[in-house]
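Data block below; observations after.
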């Protein structure tokens, strides 16, 4: 995975400047809380993320995605990590997550090491935030959501259209299953509506070779065909050309009748540093959705289960 140093520095500095770690003593969030309560936390997280990504470069995008999917349900509370248990139905069973989200074992290992170093100190939600940060050094919208649905979902979380466009840029790396983009490839109504001049036949033909009309649901394709292992602004160039993998990528351009979102897409396609800056700010904004502090939450001993 290739990530520019400038973006790494920017994202890390912005995330570090925001209170992503919390004290459970008084219900307030404090900067650098773990420097005193668990001095090795950052090192443990970063080292294990690095090892996981070296073994599987796709894991960087998967870990970042965990943070996104967690924050978009009821806030950043690490509920995405919970397994089915009694009356608790895991978010892992939701449509956009089922057999799609991955990286839980990486979180398990990190949590185990943190519990050994400083028991019941580092929250699972903070682990997800730190892992997302280090990986880059949406009820989540489905891959076929309309633009209207995407905007509504983001607004429900206090996020605006600039956040929508910036955070969609996380599709600059990673992969998606055939099941997630089949409708985008074979929907005749979509083809007639958005590509009546058949400008994107070559790309559609490539996707059909990977994903047939039936079967091979688990076949995967890169979200960005041109620079699949690089965190850059190529995603915006792709969707501007109609070559987004997911339906929810292409609607940013195809269904924007006002022009505001198209302009943002073009701005990010034209200026990579602007995308990096906007992405970092939106990740921080998303990471502060309904954060649980004090008696409202708990430091789980095992991120897969609530404490007994």
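Heads up, residue numbers simply count up from 1 along the chain you see.
Heads up, the Cβ atoms here are built off N, Cα and C, so glycines get one too.
Under the heading signal peptide, TrEMBL lists 1-23.
The domain 'Plant heme peroxidase family profile' feature in TrEMBL is assigned to 28-307. Model confidence over the domain 'Plant heme peroxidase family profile' (28-307) stands at 84, taken as the mean pLDDT rounded to a whole number.
Taken from TrEMBL, the feature disulfide bond applies to 38-118 (among others). Its Cβ taken as reference, residue 38 (disulfide bond) is surrounded by 18 other Cβ atoms within 10 Å in the chains shown.
Taken from TrEMBL, the feature site 'Transition state stabilizer' covers 65.
For residue 69 (active site, proton acceptor), the Cβ neighbour count at a 10 Å cut-off comes to 22, with all displayed protein chains included. Look at TrEMBL and you will find 69 tagged as active site, proton acceptor.
Residues annotated as Ca(2+) 1 binding site in TrEMBL: 70, 73, 75, 77, 79, 91. For residue 91 (Ca(2+) 1 binding site), the Cβ neighbour count at a 10 Å cut-off comes to 20, with all displayed protein chains included.
If you look up TrEMBL, you'll see 71-76 (among others) marked as disulfide bond.
The disulfide bond annotation in TrEMBL covers 124-303 (among others). Applying an 8 A CB threshold to same-chain residues 6+ apart, the list for residue 124 (disulfide bond) reads 78, 81, 107, 111, 299, 300, 303.
The substrate binding site annotation in TrEMBL covers 141.
TrEMBL lists 171 with the feature heme b binding site. The Cβ of residue 171 (heme b binding site) has 223, 224, 235, 244, 245, 246, 249 as same-chain neighbours under 8 Å, each 6 or more residues away in sequence.
Other C-beta atoms found within 10 angstroms of the C-beta of residue 232 (Ca(2+) 2 binding site) number 20, with every protein chain shown included. Look at TrEMBL and you will find 172, 224, 227, 232 tagged as Ca(2+) 2 binding site.
What TrEMBL lists as disulfide bond is 178-211 (among others).
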Problem - In the chain carrying residue 65 (site 'Transition state stabilizer'), residues 6 or more apart in sequence that have Cβ under 8 angstroms from it - result: 101, 103, 170, 174
Fill in the blank from the handout: Here the Cα-Cα span from residue 70 (Ca(2+) 1 binding site) to residue 76 (disulfide bond), rounded to a whole number of angstrom, reaches 6
Exercise for the section: For residue 77 (Ca(2+) 1 binding site), identify the closest of the disulfide-bonded residues 38, 71, 118, judging by Cα separation. Expected result: 71
Fill in the blank from the handout: Quick note, residue 118 (disulfide bond): same-chain residues at least 6 apart with CB under 8 Å of its CB -> 37, 38, 40, 41
Exercise for the section: Would you count the other C-beta atoms found within 10 angstroms of the C-beta of residue 224 (Ca(2+) 2 binding site) for me? Expected result: 27
Practice task
Restricting to the same chain and to sequence separations of six or more, state which residues have a Cβ under 8 Å from that of residue 79 (Ca(2+) 1 binding site).
Solution key: 70, 73, 91
Completion exercise
The rounded CA-CA distance in Å from residue 69 (active site, proton acceptor) to residue 232 (Ca(2+) 2 binding site) is 21
